[in-house]
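Colleague: My structure is below; once you've seen it, I'll send some questions.
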Amino acid sequence: MGKPLFYEILEKPATSCIIGICSMIWFYIQKKNIGYSHVGLSYETALEGHHWRIITSAFSHISVIHLVFNMSALWSLGVVEQLGHLGLGVEYYLQYTLVLVVLSGVLVLAMYHLLIERFKLEYFRRVTAVGYSCVVFGWMTILSVKQPSSKLDLFGFLSLPISFAPFESLIFTSIIVPQASFLGHLSGIVVGYAIAWGLIHGMSNYWALSLLGWIALVFILSLKRSGAVDLNFLEIESVTDPSLPSVRFLASNSGRTLQMSALPNGNVEIV
């Protein structure tokens, strides 16, 4: 007999919190009848300044099957929190979850850009990615390198060797669920290997909090500028002080002239 669920939750606090957050967001999406196009990430919406979708797309799920599959895999991968003796643990899990969320989303957009601009595949301009799969595949990959003897348990009865789980799951989901984001899953694997092999390293609580602060700032500013949510209480105004010097370029026969008006008494020209 396994441990009671309560004790497993205590042993995987970060994983339990993330599962709770994703579940509550799913419930809210269902209650408000929100479509994936309102929270998902696509190349087109990114160009429109909807950078906040990198975050909302990661934590949103539209179908209950999608949610259950991702959260079941995430619960099994929560063993990372218990591997402090291998240099992992709760802090490592939280720090690099932030990295996986951001970098996998950015990498997906980079792949879309390459396919659209280089190979002229306009189809990918409007492809919308949604779900926590990028992060799940990232942790599968990290665990397959750090603890290859582990197993990935899905739905409580399906067990896969973790060393093959990333690519097995990539192929499995692509066949069983044709609309699954192959590039989204692949981006999680790529970022996962970059972390596991030490290409991305040096995260600490300080850098994690700094990254979280920047994420929050970009999230709020892009949310406001895109007009997706009414944030009129946040006003960003440019402040100009007439007592400070202004700089401008003037066109002349000899070329461009830099003119700086310093004080009301006179101008300074640098030719």
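Just so it is clear, glycine is given a Cβ too, placed from its N, Cα and C backbone atoms.
Annotation source TrEMBL lists domain 'Peptidase S54 rhomboid' at 49-200. The feature transmembrane segment is assigned by TrEMBL to 12-29, 50-73, 93-116, 123-142, 154-175, 182-200, 206-223.
Help me picture where these features are in the structure shown.
Modeller: Residues 14-15, 18, 41-43, 46, 54-55, 57-58, 78, 80-81, 122, 124-125, 127, 129, 134-135, 138-139, 142, 181, 183-184, 186-188, 190-192, 194-195, 200, 203-205, 207-208, 211-212, 215 of the same chain lie 6 or more positions beyond the ends of the transmembrane segment (93-116) yet place their CB under 8 Å from a CB of it.
Tertiary neighbourhood of the transmembrane segment (182-200): same-chain residues 96, 99-100, 103-105, 107-108, 111-112, 129, 131, 133-142, 144-146, 166-167, 169-170, 173-174, selected by CB-CB distance under 8 Å and a gap of 6+ residues from either end.
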Colleague: Over the domain 'Peptidase S54 rhomboid' (49-200), what is the model's mean pLDDT?
Modeller: 93
Colleague: Go through the chain and flag residues at least 6 beyond the ends of the transmembrane segment (12-29) whose CB is under 8 A from any CB in it; none is fine as an answer.
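Modeller: For the transmembrane segment (12-29), the list is 39, 59-62, 64, 67, 70-71, 74-75, 77-79, 81-82, 90, 93-94, 97, 132.
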